[in-house]
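Input: a single structure, listed below in structure tokens.
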Ligand SMILES: Nc1ncnc2c1ncn2[C@@H]1O[C@H](COP(=O)(O)OP(=O)(O)O)[C@@H](O)[C@H]1O
Ligand SMILES: [Mg+2]
């Protein structure tokens with residue numbers, strides 16, 4: 001699909017931990033308005049790839065370039081992690097959910113809008129004196145939070161502590177929170193893990209909605225082949241840190257390398273073939 | 001144990017009576033030989049006398065006691081089950097806490113009047129308020145931002161010495177020094193924070209502990225600057241808008257201005273109201289900050305630092321702001337301390353002070369403003385009350401701490417009030 005412009009360019013990315021090469025010479029393009037999936041067995045380096053993208057790891061070699069509509073080309077691999085979200089508009093979720101458990105769902109979503117609110121409140125000073133500018137910004141933040149809460153069917157839980165909710169709900173909250181940052185590219189690390197089939201179907205629908213309706217780039221790490229094959233526009237397969245295949249779902253399903261890599265795992269093999 | 005206890009019904013009343021009757025029978029059987037019959041020494045020979053009324057009383061008590069105990073246990077179990085069933089999400093906001101807060105506030109306002117003849121009470125209350133203020137300051141760092149700071153007393157010392165030096169050398173007044181000392185303490189907070197905030201948990205605690213000791217050692221050893229172990233004496237007391245509290249009559253004093261008899265208590269009461277005002281301002285300031293972006297960010301950093309970074313938050317700056325603001329409040333309290341004592345020395349800024357303030361915050365329930373008040377009252381009054389058996393004071397203190405932590409591991413007031421609610425009626 002050539003109409004979708006490239007959002008992220010990953011060039012020869014390598015990450016070594018001592019003797020272990022977790023990611024080896026990975027190159028990949030991620031387009032806006034599309035869902036790009038990273039699949040591969042456990043330990044293939046998928047989460048490491050996300051950590052390199054989002055500034056949590058400094059890659060040993062290679063570059064990650066983000067094409068930002070306002071700020072131009074940004075080298076993510078040279079940014080501290082908070083700049084990746086703040087300046088480059090790349091926001092991630094975590095494989096092991098990371099919410100603010102003692103804060104309410106709504107507060108979780110307000111925290112995500114910290115930078116905008118902090119600017120509007122002049123580093124909280126104007127807020128201290130209840131200035132109108134800050135009040136308006138705060139109202140906007142609440143409305144945005146309410147919008148995503150509604151979209152993700154979380155509105156009833158808004159004033160509940162996030163840590164007390166079920167696993168599937170917490171996953172949704174984490175996604176809603178990430179969306180409150182207004183990302184250009186949202187990176188989801190196994191968002192369907194632990195979801196029941198209904199929740200999983202809703203997630204599919206949400207991902208399609210985000211990419212098609214909001215034009216966001218979606219980068220998805222997923223084990224569930226049902227999800228991957230159904231929603232992905234583009235799939236990249238990793239094995240032991242190497243990219244062994246890349247292409248559309250149809251291409252991936254027929255790729256001999258992929259079939260070979262998954263052969264040991266009976267169950268997954270069937271899913272790939274399905 | 002059954003996992004599910006129906007909330008509405010305990011075991012039936014008849015069953016309870018039966019159970020109590022069985023206990024009564026058992027106690028009757030045991031009681032006949034042990035209570036009902038007893039031996040009396042009548043003229044060299046043992047004879048057996050009876051005590052049926054005692055026995056009846058014993059059996060009655062056993063019956064009644066058993067019933068009461070079972071009902072109490074049922075009640076306890078039911079409550080527990082009820083709590084387990086509808087475990088409220090953000091623990092239900094308890095309106096009585098708010099009323100308790102107002103009650104404490106009202107009491108603190110009238111305390112010097114109610115105890116006007118009793119200097120000791122007002123003095124102790126002033127001490128409590130100093131700790132309340134310090135607790136509220138440290139609460140920003142430890143309770144909200146979740147940074148374990150074991151050297152908080154350093155900022156208290158910075159404030160106290162700022163006033164001690166500026167007033168004795170340059171004749172600065174109390175109110176004049178207050179903002180300067182606050183700014184200076186905040187600067188120290190940033191100086192400490194900048195290199196150390198990348199450390200986590202225990203490591204940060206150790207570095208802050210070291211920082212507190214460094215400040216104290218500088219004060220002890222840099223004699224030219226700080227007076228060394230002798231400290232600084234004759235620090236001017238705060239005046240009532242320029243009117244000193246003194247028996248002199250050459251210049252107008254507080255007493256002559258208001259045409260009242262000079263009394264030493266005036267100053268004590270005035271000092272009390274000064275610290276009360278400072279503490280209330282601190283409370284207002286911190287409660288407002290908590291609902292502003294920076295305050296919400298502090299709590300978020302406490303909850304999950306990595307998630308904060310992934311959301312684009314500059315965690316270092318957020319932590320620094322917590323450190324600076326906590327330090328500033330500690331500095332204010334230090335200025336007041338110096339003005340109240342009239343004399344300061346490094347002796348007052350030892351590690352155990354930091355530990356006490358930290359204990360107040362942890363005991364109060366991390367992040368709870370009212371909890372700090374309750375804990376400060378407890379931690380100041382407990383040693384005062386224990387004065388009579390001073391050898392056991394620390395023992396008493398430690399035992400109380402352990403008991404409270406067992407009883408309420410989350411601190412005295414562990415509930416957390418959300419900073420914002422969707423149902424807009426509840427929140428401006
Ligand atoms: N911080 C680290 N230090 C050392 N090894 C790591 C680190 N992070 C990941 N690895 C290793 O890199 C490999 C890839 O891990 P990961 O990216 O988590 O795999 P997955 O594809 O399951 O997400 C694993 O062998 C893992 O042990
Ligand atoms: Mg992983």
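Here the Cβ of each residue, glycine as well, is placed from N, Cα and C on the backbone.
Record features (TrEMBL):
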- B:20-40: transmembrane segment (TRANSMEM)
- B:52-76: transmembrane segment (TRANSMEM)
- B:96-116: transmembrane segment (TRANSMEM)
- B:128-148: transmembrane segment (TRANSMEM)
- B:153-172: transmembrane segment (TRANSMEM)
- B:178-197: transmembrane segment (TRANSMEM)
- B:204-222: transmembrane segment (TRANSMEM)
- B:268-286: transmembrane segment (TRANSMEM)
- B:320-339: transmembrane segment (TRANSMEM)
- B:359-382: transmembrane segment (TRANSMEM)
- B:394-414: transmembrane segment (TRANSMEM)
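Remote same-chain partners of the transmembrane segment (B:268-286), defined as residues 6 or more beyond its termini with a Cβ less than 8 Å from a stretch Cβ, comprise 105, 108-109, 111-112, 116, 119, 122-123, 125-126, 129-130, 132-133, 136-137, 139-140, 237-238, 240, 245, 254, 329, 332-333, 336, 339-340, 369.
A contact between the transmembrane segment (B:128-148) and the transmembrane segment (B:394-414) is absent, since fewer than 3 of their C-beta pairs, 6 or more residues apart, lie under 8 Å. Long-range Cβ contacts of the transmembrane segment (B:320-339) within its own chain (Cβ-Cβ under 8 Å, at least 6 residues beyond either end) map to 130, 133-134, 136-141, 144-145, 147, 149, 152-153, 155-164, 167, 174, 177-178, 181-190, 192-194, 197, 232, 235-238, 271, 274-275, 278, 282, 285-286, 289, 294, 298, 301, 348. In this chain, the transmembrane segment (B:96-116) lies out of contact with the transmembrane segment (B:204-222); the count of Cβ pairs under 8 Å, excluding pairs fewer than 6 apart in sequence, is fewer than 3. Taking Cβ pairs closer than 8 Å, the transmembrane segment (B:178-197) reaches residues 147, 151, 154-155, 158-159, 162-163, 166, 172, 204, 207-208, 211, 215, 316, 319-320, 323-332, 334-335 in its own chain, all 6 or more past its ends. Pairs of Cβ atoms less than 8 Å apart link the transmembrane segment (B:359-382) most often to B:394-414, out of B:20-40, B:96-116, B:153-172, B:394-414. For the transmembrane segment (B:153-172), same-chain residues at least 6 beyond its ends with a Cβ under 8 Å from one of its own Cβ atoms are 134, 137, 180-182, 184-185, 188-189, 192, 211-212, 214-216, 219, 225-226, 231-232, 234-236, 326-328, 330-335, 337-339, 344, 346, 348-351, 353-354, 357.
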